[in-house]
Amino acid sequence: MPRNEASPTRIGVVQRLVPQSVRGDAVLGLVVVLLTLVGAWRVSPWLDEVATAHVVSYSSRDMASMWQGIPTLPSGSDMVHAAYYEVVHWWVDLVGITPFTLRLPSVIAAGVGTMAMAGVGRRLVGRRGQLAYAAAYGLLPRTLLMAIEARPYAMSSMFAALALLLVVVYRRRPSWLRWVGLVLAIAAAMLVHLYAALPMAGLVAAAWFFTKGRRRWMLAAAGIVSAALVAPFGVATSRQLGQIGWLASEKYSGSSRTRV
C-alpha cells in the first residue's frame, strides 16, 4: 500500500513542477539551460570558437563588411555566418567577451528550442509527448554539444524547432500572424546556418503532405516565401566556397565517409 500511495504523490509533484501548459514547456527549457550552463562554464574554447571571438570583437563598421562579402576587410571573408556574428557582436558589446558570455546565446537557444519541442509534443500527444519531445531534443548529445559552443548551430536549431511548433499551431488555428511567424522562423533558421535549408525543406514537404485544403497551400507558400527571402544571401555566400575548397583535396578513410 505505501508504495502504491507514493506513486500518485510523486506524479502530483511532477505535474505541479511541470504543468501541461506553456509554463511547463518553459520549465523543461530551463532544465536544459541549467544542464548546459555547467559545460559552457568549464570547457575550454576550441579553434572555431576562437574565430567567433575574433570576428565579433571588430567594430560595427567592419562587422557590416560581412554582409558585403568584401574579403579585404577584416570580417568580410565569413559572410555565411554574418547573421550569427552580428547577434553575438551586439551581445558582447553589452556584457563583454569571455568564453562563458560567448556561449550563453547558444545555451539560451538550446533552452528555447527545448521549450518549443515540448510545446509540439504537448499539442500532438499530450502530457507524455510534452516530456518525451523535450527530452528527445534537449538531451540529444548533439544538442548538448551545440549548446556549449559559440557557434551558430544551436541558434539555427532553435529557429527550426520554432518553425515546427508554428506549423503545428497553424494547422490547428490558422492566422496571418502565425503564418508570418512561420516564414520568419524558417528564414531565420537558414540565415543563421544555410544547411538548415535541408530540414526546413523536409518540414514544409511533410506539412504539405499531412495537411489538406487551403492550409496546405499556405504552408507551402510559407516555405517558398522564406526561401525567396534567403536566396540572395545564399547566392552571395556561394562566392566564398573557396574558403573550404581545400577540404575536397583531403583524403578520408572509407569508414569516415560512411559515417558522414
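Including glycine, each Cβ sits where the backbone N, Cα and C put it.
Sequence-remote contacts of a segment are chain residues at least 6 beyond its ends whose Cβ falls under 8 Å from one of its Cβ atoms, and for the transmembrane segment (26-44) they are 17-18, 99-100, 103-104, 106-108, 110-115, 118, 130-131, 134, 138-139, 143-144, 147-148. Annotation comment: TrEMBL describes 26-44 (among others) as transmembrane segment.
Under the heading transmembrane segment, TrEMBL lists 100-119 (among others). Panel annotation: around the transmembrane segment (100-119), residues 22, 24-26, 28-33, 36-37, 40-41, 45, 49, 52-53, 56, 87-88, 91-92, 130-131, 133-134, 136-138, 143-144, 146-151, 153-155, 157-158, 160-162, 164-165, 168 of the same chain, lying at least six beyond its termini, place a Cβ under 8 Å from a Cβ of the stretch.
Only residues 6 or more beyond the boundaries of the transmembrane segment (154-170), in the same chain, are considered here, and those with a CB under 8 A from a CB of the stretch are 84, 87, 105-107, 109-110, 112-114, 116-117, 119-120, 123-124, 137, 143, 146-147, 178-179, 181-182, 185-186, 188-190, 192-193, 196, 199-200, 203, 207, 215, 218-219. Residues annotated as transmembrane segment in TrEMBL: 154-170 (among others).
Long-range neighbours of the transmembrane segment (182-211) within the same chain, counting only residues 6 or more positions beyond its ends whose Cβ lies under 8 Å from a Cβ of the stretch, are 80, 83-84, 152-153, 155-157, 159-160, 162-164, 166-167, 170-171, 219-220, 222-223, 225-227, 229-230, 233-234, 237. Per TrEMBL, the feature transmembrane segment maps to 182-211 (among others).
Residues or ranges marked as transmembrane segment by TrEMBL: 217-236 (among others).
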